[in-house]
Each structure stands twice: as structure tokens, then as C-alpha cells.
Amino acid sequence: MPKRTDIQSVLVIGSGPIVIGQAAEFDYSGTQACRVLKAEGLRVVLVNSNPATIMTDPEIADATYVEPITPEFVEKIIAKERPDALLPTLGGQTALNTAISLHGNGVLEKYGVELIGANVEAINKGEDRDLFKEVVEEVRKKIGHGESARSYICHSMDDVLKGVDALGGYPVVVRPSFTMGGAGSGFAHDEDELRRIAGQGLTLSPTTEVLLEESILGWKEYELELMRDKNDNVVVVCSIENFDPMGVHTGDSITVAPAMTLTDREYQTLRDVGIAIIREVGVDTGGCNIQFAVNPEDGRVIVIEMNPRVSRSSALASKATGFPIAKIAAKLAVGYTLDEIPNDITQETPASFEPTLDYVVVKAPRFAFEKFPSADSTLTTTMKSVGEAMAIGRNFTEAFQKALRSLEKKGSQFTFVGEPGDKDELLREAVRPTDGRINAVMQAIRAGATPEEVFDATKIDPWFVDQLFLIKEIADEIAESRELTADLLTEAKRHGFSDQQIAEISGLGEDVVRQVRHALGVRPVYKTVDTCAAEFAARTPYFYSSYDEESEVAPREKPAVIILGSGPNRIGQGIEFDYSCVHASFALSDAGYETVMVNCNPETVSTDYDTSDRLYFEPLTLEDVLEIVHAEQQAGPVAGVIVQLGGQTPLGLSQALKDNGVPVVGTSPEAIHAAEDRGAFGRVLAEAGLPAPKHGTATTFGEAKAIADEIGYPVLVRPSYVLGGRGMEIVYDETRLEAYIAESTEISPSRPVLVDRFLDDAIEIDVDALYDGEELYLGGVMEHIEEAGIHSGDSACALPPITLGGFDIKRLRASTEGIAKGVGVRGLINIQFALAGDILYVLEANPRASRTVPFTSKATAVPLAKAAARISLGATIAELRAEGLLPALGDGGTLPLDAPISVKEAVMPWSRFRDIHGRGVDTVLGPEMRSTGEVMGIDSVFGTAYAKSQAGAYGPLPTKGRAFISVANRDKRSMIFPARELVAHGFELMATSGTAEVLKRNGINATVVRKQSEGTGPNGEKTIVQLIHDGEVDLIVNTPYGTSGRLDGYDIRTAAVARSVPCLTTVQALAAAVQGIDALNHGDVGVRSLQEHAAFLIAARD
């Protein structure tokens, strides 16, 4: 039955900023869906607050709204655009919850908008834990299989305590309703833990409801991805097995597809139950994902939960099988059936054929505990990983070792040298699931543990344990052999060993192993992902490496450009870099090159099989990239490799690639060194006559102390060659400096520590620019709202700048040009400046695409990444202006006076992390980056744009109520004006004694409240922390004091996180918030699409 004719326009809701549990996979699914719907001739309206996504590019939808995803704003868009239908299943939990509220408050009915892709009843049956239990019971009556864990629904703490007795005691699982990524869930082993976890769960659940369940810790966990159309055709797209047993959130687990340890009969049972559930719930046009637990002792099957939408697992399943779930879900939503949709990859089989795999896929999660030293690293049912890598191999060991190597983290690959340690101690360590458990298991095996002991400690299935033993046996063979023979190398490679691992075991250099391997002719071949186990020919070149017989890479005539992606998402290197890689691929395709993408992140648009001409799903290590370059050179001419778009990962490979004779295009490895190495960069600045803050490099504490004494404290210390401010700290005195040097283990003459003067009270400025060797194109100038010293990735910023004048822009332009020329950039460069008093200091330069490129491109309506890719391959700025890729006149520094103002705000993952005692982690911003994503607010005035950015990131700013203020002495003077404004807007102020005193002297009334350290008052007056916990505070302003006195502040800020109260930690943020509150109180806040903003900017240029 072909598509419906009664729908002309569709509103698609995106997933907003990247947070833990809801990441780039929704950009991938949303982009696919928008393209499909547009190709079907529908008008597509999109709302998504995240500018770093491909889906918010103006060409993907017909009208793109970068606005907060809240029922209020989405209603404004519906009123303006009047769509016929709303598709909410592609934007994760955010989109689903928003659609449910719009349905509930009558907005959809009022404007005559139909929900497609999922009906409200099906969403509720899948999401509401009580209704879902009934569904599972129905299924069991019909087919005799499948049950739910015994459970108890609670709406208050009294219910919760009763529930434990009803379930027969601890441990119990706590799960809140309608949350995502396991937010607020956990295992409680005693009453203290129960009160803490359930209290937070009741707060986080929009329906104040939590479910207590019997514990099924240690059971095997599986997932099925299914799709169903309105004619009741159902396909099982993929089965996924979790390597880690129940108790670890599936997003934090190593997962394997297809499932490895199910018997045929067990698999059929899961299939039957899954198909019966999707029918019973009533998902009739789209995909869903169902999670199961199987008791290894008696085979009892429990259905854990389902997601009636496109999820993180569906992105993984799509990449693992080549079956594009999101694309097909969008087609089903507008009326097609599965048998009418062709399979893109074979082009001769329909989508109703279930994919079959002749390879194994392994996904491994990437964590960021090093960014939150106080956080508890135990893995639980609350998701904590920030990214993932996927690898494909011909067997489990090969895919598994490739996945670990793809994580690009020190110590992520198995190591087989040195003493493993004490067996019993290692087994004890392996009992607690953490990000490094798998390495502890391998060391325990090396120390002589038996398979039974490993299983008892970890409950990892015996089949997987055997595979780990197999990997260790191969390592022993390499260690015992006298020489590297062709047979030995082939065997090691077939089990996923890297040259680096083989080199370490045999005591040789990595390059020596590679030379021997090439001399013996042991090289990988590349196989195609074809959805059908080679039964039909694949038309899309989507490759993975294997040490097999024949290669499937076809020869070509056109010159190829190889683009290195950014690998797994992590804090500091996220989807923004993927955005630049995808744009480069599009631009170079248009310019007549064959584009080749290399990446291993399954969540992204870059690893979609139709983004580039060829896709290699491979780790981004030197060995893997060199083999791909070799394979492509055999196939046809290679114009070069682009390393400057994928962030720090490919940048770090540039010199080694060049040394191996690979043509690196764009900014040369030498130029990268000139910007990254402080000594070399100092010389560039000196030649251009530009001031940098006083600094020096040190390799010992003595040297560091001498520099700090000469510069004066506070100083900023950091290692060289890092991204995301890794390991940076502002040091206020000598004792802390000594401790910092002692903790930084990796100091060496080639990797010194940098000591810079820290500029207090400076305005930080970020510039993105293009340089072709002759001419500079200033992409955009962003003025940070927070002061210098807070990592630029965590700071909010405004473009065009709000307090800089024409003279400042002139100076910035001249300095940027001087640096770009001195370093030798060809393409993009990002420079951070600090304006202190009247002096413009250069903080650092990055000779690559920065994380602000997508934001700058959207704010100025110019595709910077596309232009950069062309410049890398020799185009000039003048040529690109003539072609129309860049504006004919002017640039991002000459925007019209009435240009819209865009504000970027960073989104932090504080709420996901707890320390071992269950307290939150501190929310103070510093020089080390901790945000996972970003949102953008755009409007004609700064106040409204800032208010939108806050609404998109943390929920709307309060417009009345009680505000608590407590600031450090250095901030007291600058706090008076914004505080007075708050009172004028009708806020009631509360403050600690010191701050209240200053306010009173300035004629501002504030109620004095007790600090946490003072305890409850004699007449039971609550402390500020108790007031926050009781929901009596609407806005918190708390700036930290130097290094001491942080503890009171810490308690206040962690309480704010636990209760989701807006908490501002700088006076600058307070001043911006006041402008935002003012805008909200005064005016009707409107919405405009990016296309309308762009039309305005383009008209202003002519």
C-alpha cells in the first residue's frame, strides 16, 4: 500500500543537546528520516536545539528551527508552520516526552496535527512500567513464554519501604518511569542506599513514579531490534548480546551482534516473545527495541523493557547490518509497508528480508571518569559512558580486539608483558564492574585463574571466557616463538592482534613488526557489509578489514581523498568534529573527487553508508590507516589524506603518516607542530609581534617553581599536546603546584609541563578563520560570557560579539592573519584570545577544525568546513568567493548591525555522576573541559537569545521566586547591579551573612540563611542546602572561593544538581541571566527558522 496522500507536511522533533544516554545516534537517525521524507515530496519542518548536528543544516529540512525542545516552543512552531503530522520517534526520549505533553495539553488537537510513527497508546504501553507488565502477562497467556520480573510500583518513600518487604528483601532494583539512559535507577543493597536512589528517582520521573524489582544480577542480557508495518509484517533486524551480565546498563556494556551464546531454541523463544510484544503494544509503523534477561541456570526468560522508538541500539544495529532502521521507520510512518521498500545495499531485495551476517560486530563503550576524579566508577543501571566504538571482524576475537583498540585510550588494548599481579586480588577486582574490568580479567587469566574462577567472579558467559583464554594462548605462542613467521603473524592477526601488541610481546619495535609482516606478504583484505551473507551483490562500498583470502575493493578512475574521522565520542571531542568531516565529504564529492571516510563510531552520520563514496569501518590507529591507504592506492590514484577535521585523533597521526610517505593535504605536519608545540608557537608570536601571557616550560618541580615565582600566582599549568583541557589546572599557591607536578606522571623532556600566567578578569574571545596562504577569511568572532580560565568548550559565547567594537575586530583580524601566516595554515584555524585591560593576548591556536565550526557556520550562514576541505586541496578563497561557496564580499567580521545574535551554551553531565557516598560531583567550571554537548539560542537581541539557550540546555530560567546569592569576595562588587535587577523583577533574595551584608549596604534587602557548615539553627531554621532539597529555592548564584572554602559551595552546588535548580557559578552568567529574565518578562518570544535568518544575512550582503 503506497504512501498516504493526506499528509503534505511533517514536523520532526530532534533530540537536542548531546547528553550521556542520548548522543549522536539521533542526529544520524533524524538526518536519514528528514532526507527520506523530503525525497517523498513532503515539506519537512525540524526543531532541534543542537547546532552541531547535520540534521540542522539548512538543506536537510525545508524549515529548520534551532529552538529549545520544550512544549512551549514547539507549540509556537506548530502555530506558525501548521504541519499535518508530527513524527516523534526519531529524537530519543526528549522528543517522545515532548510529543506526549503536546498531546496531553491539547495542542495537537487544537491545530489538527496527527501523531505518526507511534500512537500515544503504544508509547504509554512501552514506557509506563505498569502497563508494560500487563502487556508481558498477555503475551505469556497467548504463547506460554516470557514474564516480567516481580515488582512493586511506588509513588512515595513509604510505598518504597513497603515494597522491599513485598519482594522478599534486598537487593532490589529501582527504576523511575519515563526517563532515559537509566537516569535515576540503581541497585539498593540496604535502606540507606534505597532512600538515596529512590528519592532521586521520584524527583527525576516526570510522573513521580518508581518501580522496585527483584534483582536479576548476573543473568545474561540480550536485545532484539524489530520493525513492524501496518499490515502486520514483522522483521527481526538484529539480535544483540551483552558481554557483561545484567546489572550494567546496556549502553555501558560491551555488546556483540549477532548473539553468540543462544541455542537455536532459545533464540526462537526470544523471537516469538519479541514479535508477540510488538504486536500487543501496537507499534504499527516503525522500529522498537526489546531487552531480555535469561537465567543461565534454568533458562527462565524475563522481559526487562522496550523502547517504542528509534534508540541507541538501533543505530548500532543499522551500522552492524547495513539495514537503515531510521530511514525505513520514516517510510513506514507515511504509509509504506516493508515489502514495498527496497534494500539500499543490494537494490534487489526488499526490506522485508531479514539481514543475515557472515561476520561479528563488537561495540565497546568509552568512559570519561578521568574528568570527574571524585565520581564512583562502578558501572550500574545508570548509563555513564560518553561514547562508543564499533568493530567488525570475521570472528569474535578479531572484532573484540579491534573494538578495544578503536577506543584510543591508553591501556584499552590487552597487554601481555610485565608481572600480571596476584591472582586472588585480580579476581576480587573483577567482581566489581568498572570501565577497566576486562583488563583485570585478562591479567587474572595470565596470573593463572581457571575459567570457572573467572565465571564465578564476573558471571561473564563461559563461551566468552573461553575466547579470552584463546587470546591469551595466541599471546603465549608469540612470546615463545623465536621468529615471526608468516603463519604465526597470520594467526595473530586473525585473532585481532595489532602490530603494536605483537611488538610489545616479542620485544621489537612496532615498525619492525610491520616491515617483517609486509616482507612476508601478510596484509589485510577488505570485505563488504552486504546484509545477506554474500548471497546478493552489494552496491555500496562499506568495508571492514580481515586477514582473509580475497579483497572486495573495486578499482576506480577518479582521484580519491581519504578523510580521517574522529573516532568514539568523548568529552572534548564530540559530534562537532564529525560534522566537519561530513561537510568535507559532501564538498569534495561535488568537486569531483571520490571520497573515502575512515571512522569507527557507530553513532555518527559519517559512518552512514551513503555519506561518502566509500566507507571503512576501522580503528583510527597508524597501522589501520596505513593499510587502508595502501588498499586505496592499489585501487586508483589517491590525492591525499585530510587530518585536520576530525579533532585531535587524526591530527596526532599526521607526522607519522607523512614519515611513511602518505600525502597529507591541507595544513602540513610541520605547521601543526608550529601551533601545538609551545616553544615553536612562541617564536611564531614573537615574529608576528603579538603578546602571549608570560609562560615557561618545565620538566621538574624546581623549574616550575622558578617560573611561577617570576610570573606570579595564580598560574595555569597543563601538559602539551592535549584536547579538551585534559589535566589543566589553575594553581593558586606553591604547595598545590608541587602536588600537581607529583601527580602528573607523564612529564618528560619531550613532553614538558607548560606554566602560564593566569589572566584574571579577562574577556575570552574565540576566532574561527580560513587561510589559503594569501588571504584570510574571518569566519566568526565569539565573545565568551564566562571569564578567561574556563575552558572554551564549557563556556557560553555570543556571535556576533556583544561588547567588542570595530577597532577590536580589526586587531583580531590582523593578529589572526599574522598567526595563520606564521604557522603555515591551509584551511581552518581556531585561535583563542584574551582581552585584559587594553592588551590582546594570544592564549592558543589550533590548526584544525574547532568544536565551534558548526555553530559559527549556522550563525553566519556560511559552510566553513566545506570551504576548508576545498582549500586543503588547493582552491583559493578568491576562487570560492567567485564560485559562491563563500560570500562575494565581506566575512564573519563584517556582519550587519542588525544581524541576529546567536548564543552557544554548553551542556554538562553532572547529574549522571555520584561519588562513592552517593553525593553529586561539583559543578564548578574550570580549565578542563567537562561538557558533553551544546545548544544554540538565536534571536534579534542578546537577552532573548541567552534565555533560549538556557531553556534548551537546562530548562527555562525562572521569572520570579526566591534567589539565593553567595559569592567570593572578588565578585562582591560586580554582583550588586545584577542583584538589584533581580529584586526589580520581583525576586526575593536570600544570602549567606557575608554577601547579605554587602547587599544591605547597597540598599538591597536579603534574608540571611545558614550555611551548611553552621548546621540547623536553634529554632530549627534550615540551612541553605536543606532549603534547596526542599524545593524552596528557584535560582542559585554561587561563585567558588580560591581553593579553600570550597566545601560549603560544594554542598550547595551538588544539592542544586540533585534538585535541578539553575545554578550560576560566575557573575558574568548572572548578568546574562538577568538580561534573559528581563526579555522573558517583557516580550513575546518568537521563533524564526534558520532559512529565514540566512535569507536575511544573504540579502544584507548584496
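Cβ coordinates are placed from backbone N, Cα and C, and glycine is handled just like the others.
Copied over from Swiss-Prot:
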- ARG129, ARG175, GLY181, GLY182, GLU214, ILE216, GLU221, GLY247, VAL248, HIS249, GLN291, GLU305: ATP 1 binding site (BINDING)
- GLN291, GLU305: Mn(2+) 1 binding site (BINDING)
- GLN291, GLU305: Mg(2+) 1 binding site (BINDING)
- GLU305, ASN307: Mg(2+) 2 binding site (BINDING)
- GLU305, ASN307: Mn(2+) 2 binding site (BINDING)
- ARG718, ARG757, LEU759, GLU764, GLY789, ILE790, HIS791, SER792, GLN832, GLU844: ATP 2 binding site (BINDING)
- GLN832, GLU844: Mg(2+) 3 binding site (BINDING)
- GLN832, GLU844: Mn(2+) 3 binding site (BINDING)
- GLU844, ASN846: Mn(2+) 4 binding site (BINDING)
- GLU844, ASN846: Mg(2+) 4 binding site (BINDING)
- 137-334: domain 'ATP-grasp 1' (DOMAIN)
- 682-873: domain 'ATP-grasp 2' (DOMAIN)
- 1-408: region 'Carboxyphosphate synthetic domain' (REGION)
- 409-551: region 'Oligomerization domain' (REGION)
- 552-954: region 'Carbamoyl phosphate synthetic domain' (REGION)
- 955-1102: region 'Allosteric domain' (REGION)
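Distribution of Swiss-Prot features across the structure.
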{"residue": "ARG129", "record": "ATP 1 binding site", "contacts (Cβ under 8 Å, 6+ apart)": "SER151, ILE153, ARG175, SER177, GLU209, LEU211, GLU305"}
{"residue": "GLU221", "record": "ATP 1 binding site", "contacts (Cβ under 8 Å, 6+ apart)": "GLU241, ASN242, ASP244, PRO245, MET246, THR250, SER253, GLN291, PHE292, ALA293, VAL294, ILE304"}
{"residue": "VAL248", "record": "ATP 1 binding site", "contacts (Cβ under 8 Å, 6+ apart)": "ASN242, LEU379, THR380, THR381, PRO433"}
{"residue": "ASN307", "record": "Mg(2+) 2 binding site", "contacts (Cβ under 8 Å, 6+ apart)": "GLY126, CYS288, ASN289"}
{"residue": "GLN832", "record": "ATP 2 binding site", "contacts (Cβ under 8 Å, 6+ apart)": "GLU764, ILE765, ASP766, VAL767, SER792, VAL842, LEU843, GLU844, ALA845"}
{"residue": "ASN846", "record": "Mn(2+) 4 binding site", "contacts (Cβ under 8 Å, 6+ apart)": "ALA675, ILE829, ASN830, ILE831"}
Using DSSP, would you call GLN832 (ATP 2 binding site) helix, strand or coil? strand
Spacing of the two Cα atoms, HIS791 (ATP 2 binding site) and GLU214 (ATP 1 binding site), in whole angstrom, works out to 44
Three-state composition of the region 'Oligomerization domain' (409-551), taking helix and strand from DSSP: 73 helix, 10 strand, 60 coil
Can you tell which of the binding-site residues (GLN291, GLU305, LEU759) has the fewest other C-beta atoms within 10 angstroms of its C-beta? GLU305
What Cα-Cα separation, expressed in whole Å, is found between GLU214 (ATP 1 binding site) and ARG718 (ATP 2 binding site)? 48
Helix, strand and coil counts within the region 'Allosteric domain' (955-1102) (DSSP): 76 helix, 21 strand, 51 coil
Packing count at GLU214 (ATP 1 binding site) (other Cβ atoms within 10 Å of its Cβ): 16
